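Listed in TrEMBL:
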DOMAIN    A:187-407  domain 'ABC transmembrane type-1'
TRANSMEM  A:27-53  transmembrane segment
TRANSMEM  A:65-87  transmembrane segment
TRANSMEM  A:129-149  transmembrane segment
TRANSMEM  A:191-213  transmembrane segment
TRANSMEM  A:225-246  transmembrane segment
TRANSMEM  A:277-302  transmembrane segment
TRANSMEM  A:323-343  transmembrane segment
TRANSMEM  A:386-406  transmembrane segment
Amino acid sequence: MQARKIALLLSILPGLGQFYNKQWIKGLLFLGFGISFFVVFGDLLNMGFWGLATLGTEVPRDNSIFLLAEGLIAIIVTIFGLAFYYVNLRDAYKNGQRRDENRPMSSLKRDYQNLIAQGYPYLISGPSLFILIFAVIFPILFSFALAFTNYDLYHSPPANLADWVGFDTFAKIFTVDIWRSTFFSVLGWTVIWTLVASTLQVALGIFMAVLVNQKDLRFKKFYRTVLVLPWAVPGFVTILIFAGLFNDSFGAINNDILAMVGIDAIPWLTDENWTKLALILMQGWLGFPFIFLVTTGVLQSIPDDLYEAARIDGASIFAQFRNITMPMILIATAPVIITQYTFNFNNFNIIYLFNGGGPSVPGSTAGGTDILVSWIYKLTLQSSQYSLAAALTILLSVFVIAIALWQFRRTDAFKEGA
Amino acid sequence: MNRAKFFRLLISHAILIFMAIIIIYPLLWTIGASFNPGNSLISTTMIPQNPTLDHYRELFAGSESLQYVQWYLNSLKISLFTMIGAVICVSFTAYAFSRFRFKGRQNALTLFLLLQMIPQFSALIALFVLAQILGMMNSHWLLILLYIGGLIPLNTYLMKGYMDSIPMDLDESAKIDGASNTRIFLQIIMPLSKPMIAVVAMTGFTGPLGDFILASTILRSPEYYTLPIGLYNLVNDVMGASFTTFAAGAILISIPIAIIFLLLQKNFVSGLTAGGTKG
C-alpha cells in the first residue's frame with residue numbers, strides 16, 4: 001500500500017499518520033489538540049446534541065432555551081473540530097505522498113514558516129470572523145431555530161419545556177384566522193409603505209437636485225445647506241419632534257398651521273389612515289436629502305459637452321433632461337436608490353418612535369401602522385410570542401434575501417466580487 | 001425667451017423657499033420649545049414670550065429618571081468603540097480579501113454577502129431571550145460587539161471594492177523593498193483608502209447613535225440608557241409632559257452631529273458612491 005493511503009488511514013486518530021511519517025513533534029501536537037478538544041468540549045457536545053434533539057425531558061432540571069443555545073454552540077464547535085480534522089488528514093496525506101515520491105518531508109520549521117506566510121490573511125480576518133460567528137450568526141441561527149419550536153409564554157422555562165413542532169407555527173400563520181388576517185394586513189401595509197415612501201423620497205431628492213443645479217439659479221449654496229439639514233440631524237430626534245408636532249390635541253400642525261388656514265384638527269395619531277399619511281410625508285422629509293446629495297454629485301460630473309452637442313442638434317431643455325440628465329442620474333444612483341427601498345422595508349425607527357405602530361387595532365397584536373419589523377418587535381417584547389415572531393422573521397428574511405439577490409444579479413456586483 | 005427664463009427661475013425659487021420653510025420650521029419650533037417655560041406642548045410657541053434656560057438646567061441636574069449626562073456619555077462611549085472596532089475589523093478583513101488569495105476566501109465572501117442581506121434584527125428574539133436568561137442585560141460591551149458584527153459584512157464589501165481599485169504595483173514595489181504585509185497595509189493601503197475609512201468610521205459612529213431596536217432590547221435601567229432610548233422614554237412616559245425638556249436634550253445632541261455631517265458630507269457621498277458602484 002502507498003504511504004499516503006496508510007498515513008491517511010492512520011490519521012483517523014489525529015497524529016498517528018504523522019507518527020507514521022516519522023514527524024513526531026507534529027504528530028504529538030495533532031494528538032494533543034485532538035485529545036484536548038474532546039476533553040474540553042466533550043460535555044458540551046454531549047449535552048448540546050442531546051439537548052438539541054430533545055429540548056429537555058424533565059422539569060425543572062432542563063431548560064429548553066439553554067439546551068437549544070448549547071446545542072447550537074455544539075454545532076459551531078463541531079464545525080471547527082471538523083475543519084481541524086480535515087487539516088490533520090490532509091497533512092498526513094500530503095506527507096505520505098512526499099514519501100511515495102521519495103521527496104524530503106516538510107520540516108516543522110518550514111511548516112511553521114509556511115503557516116505564518118499563508119496564515120496571514122486568516123490571522124487578520126480571524127477576529128472579524130469570530131465576532132461574526134458569535135454576534136451575528138449564532139443569534140440568527142438561534143432565532144431561526146425558535147421558529148420550529150412552540151416557545152411562548154406558556155412553554156417557557158423554568159416551569160415548562162418547549163418542544164420542536166416543525167412547521168406548525170408557519171402553518172398557523174396561514175390557517176388561524178386572526179393570525180392570517182393580521183399577517184396579510186401588516187404585509188400589505190409594509191409593501192405599500194416601502195413603495196410609496198421610498199419612491200416619494202427618491203423622486204423628491206432627484207427633483208430638488210435638478211432644480212438647485214440649474215446654471216442660472218442664485219443662492220445655490222444656501223439652498224444646498226438647508227436641503228441637507230434633515231439628513232444631518234439624527235433621525236430619532238426628528239421623528240420624536242414630529243411626534244410632538246403631529247400630536248392630535250397639542251401639536252403645532254393642528255393648532256397653529258391648520259388652524260391658521262381654517263382646517264379642523266386632523267386625528268393624526270388616532271386615525272389609521274391619517275397616521276399612514278403622516279408617516280409617508282415624514283419619511284419623504286427625512287429621506288430625500290440623501291438622494292439629493294448623491295444626485296447633486298452626479299449632476300456635477302456630467303460633462304457640459306453633452307448638453308452643448310444636444311443644443312446644437314436643436315434638442316429642447318425637456319429633451320435634454322429626458323435623454324441626458326435622467327439616464328445619467330439613474331445609472332449612477334441605482335444602487336443607492338435600491339438601498340432606500342430595502343432600508344424602508346425594515347424602517348423600524350420611524351414606525352415605532354412616531355406612534356408605536358398605533359393606533360391599536362382591537363383584537364390584533366399589531367397596530368394599524370405596524371410594519372413586519374415592528375410587529376415582530378412587539379410580539380417578542382410585549383406579548384412573548386417568541387415562536388410566532390421567529391417564524392415571521394424567517395418569512396421576512398426570505399423576502400429580503402430574494403429581493404437582494406435579484407438586485408445583485410442586476411448590478412453584477414457579485415460577479416465582480418467573484 | 002427672457003420671460004420664460006424669468007418664470008422658470010421664479011417658480012424654482014418659490015418651490016425651494018417652500019421646501020426650506022418645511023425643513024426649517026420643525027427645527028426652529030424645537031429650538032423655540034426648548035426655551036419655553038412649562039413642560040407641556042400646549043403653551044409652546046415658536047418665539048417664547050419669557051424665554052428660560054430651565055430645561056437645559058434640568059438636563060444637567062441629574063435626577064433619577066433623567067440622567068442626560070450619563071446617557072450622553074454612554075452613547076459617546078458605545079459609538080466611539082463601535083467606530084474604532086469596526087474600522088479595525090473591516091479594514092483588516094477587506095485587506096485580506098482584496099490582496100490575498102487564500103483557501104476559503106470565496107466561501108467567506110459568499111457568507112458576507114448573505115449576512116449583509118439578512119437584517120440584523122433577525123437576531124432580536126435570540127438577544128432578548130438570551131440576554132434575559134444569561135443576565136447579559138445592560139451590557140454596553142455586548143451591544144458594541146453586536147454593532148461591530150452588524151457593520152462588518154456590508155462595510156467589508158464596500159472597503160474591499162475600494163481597495164481593489166488601488167493598483168497592485170504599489171504593494172509589489174514595496175514588497176521588493178522588503179516591506180512586510182502589515183507595513184504595506186499600514187503605510188500604503190490605509191492612507192490610500194482614507195475616503196472609504198471615513199465612510200466606515202461615520203457609519204460606525206452614527207449607527208449606534210440612531211439605533212433603537214437593539215439597544216432597547218438589551219439596556220433596561222436608566223443609568224445604562226443611550227440617548228435614543230432615554231429621550232424616547234422622556235417623551236413617552238407621560239405624553240407631552242416633558243416635551244420641552246426633550247427638546248433641549250435633542251438640540252444638544254443634534255447640533256454637534258449636524259455640524260460633523262455638514263463638514264464631512266463631500267467625503268461621505270463620494271466614498272459611498274465610489275464603493276457602491278464597485279460593489
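Just so it is clear, glycine is given a Cβ too, placed from its N, Cα and C backbone atoms.
Bear in mind that the values here come from a model prediction, so they are computed numbers and not experimental data.
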Leading stretch by Cβ pairs under 8 Å, where the reference is the transmembrane segment (A:191-213) and the options are A:27-53, A:225-246, A:323-343: A:323-343
Same-chain residues near the transmembrane segment (A:225-246), Cβ under 8 Å, at least 6 residues beyond its ends: 208, 212, 252-254, 268-269, 278, 282, 285-286, 288-290, 292-293, 349-350, 353-355
Same-chain residue ranges lying at least 6 outside the transmembrane segment (A:129-149) that approach it to Cβ under 8 Å: 55, 64, 68-69, 72-73, 76, 155, 162-167, 169-170, 386-387, 389-391, 393-394
